[in-house]
Amino acid sequence: MSPREIVLKETNQIDFISNQSIFDISPISGWKPFAPTDQILGIFIVFVLLLTFFIFYKLKLKKADSLKNNSYFLLLFQMLFVWVQDTTADLLGEENKKFAPYFLMLLLYIVSSNLVSLLGGISPPTSSLTFTFSLGLATFIGIVVMGIRYQRWNFFKEFAFGITVKGKKYSTFIPNPFSILSGFAPLFSISLRLWGNILAGTVILALFYNFWIFIFSSINNQPLALSLGTVFAGLITPVLHIYFDVIAGVLQGYVFVMLTYNYWAKMRNQGLENNNASELHFKGIKVIQENI
């Protein structure tokens, strides 16, 4: 029995309501929100792989007492971490360089989740909308935090109706539903982008496998069917997996991280621009008062 069949198998076959487990709860017919899926198995595998990776990195780091003793593994990972640190400092400023470990972990987590499908029989966790929405929610919370941190009350004024008096714009503090809806756009955009791209690759690979199963199952000569299936699978399947799992998986992880950088940097830059404009305004008033 494959891992997919093991995970998707119902954990409780008893029909009596009194003996039902939490996995059998079905608010809507055909939908069991608490039933484990193969994406859950994929998340657990990614957790174990990343935990093993960092433990191994820590052990290797302790043994490396000089640059000469550093292995290629340590050098590559340190180069990746330095790149993330520099990117964080360039886009978010030196004061936010402390967020570099988060972006590094986010990149490794998404890429690992995309590559877990190479193990066979396991759908990538990123093919689940719940998973990508959770990642998007973390990015969205960061947007709000960065907006409040750098823009203060001006962040909330963006979601209210404004009026212009003598060329100056003032906030009415009356909520603007369209601005509020647009404020949630990054959450849905970044979540659906990752989910849609990975799900599309998963569906294409599934259709490809089922297509060849259908073709070769019609051959009465079983040894011939197995031989042809092996040849076609060996020639074509690796190419598709390299593109949809490896290339697309790494690319989508990179895109997600860079979009998170962009959203956070936008909040910071808008706040700095407003603060600079306010400082120039007050300096101008002070100069005028001194000259009067």
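Each Cβ is built from the backbone N, Cα and C atoms, and glycine gets one as well.
Now, the feature entries from Swiss-Prot:
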| type | residues | note |
| --- | --- | --- |
| TRANSMEM | 39-59 | transmembrane segment |
| TRANSMEM | 73-93 | transmembrane segment |
| TRANSMEM | 102-122 | transmembrane segment |
| TRANSMEM | 128-148 | transmembrane segment |
| TRANSMEM | 172-192 | transmembrane segment |
| TRANSMEM | 196-216 | transmembrane segment |
| TRANSMEM | 231-251 | transmembrane segment |
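The stretch in 39-59, 73-93, 102-122, 128-148, 231-251 that contributes the largest number of Cβ pairs under 8 Å to the transmembrane segment (172-192) is 128-148. Counting residues 6+ beyond its ends, the transmembrane segment (39-59) has Cβ neighbours under 8 Å at 3, 7, 73-74, 77, 108-109, 112-113, 116-117, 119, 122-125, 127-128, 131 in the same chain. Within the same chain, residues 37, 39, 43, 106, 110, 113, 155, 184, 186-188, 190-192, 194-195, 198, 256, 259-260, 263-264, 267-268, 270-271 sit at least 6 positions outside the transmembrane segment (128-148) and bring their C-beta atoms closer than 8 Å to a C-beta of that stretch.
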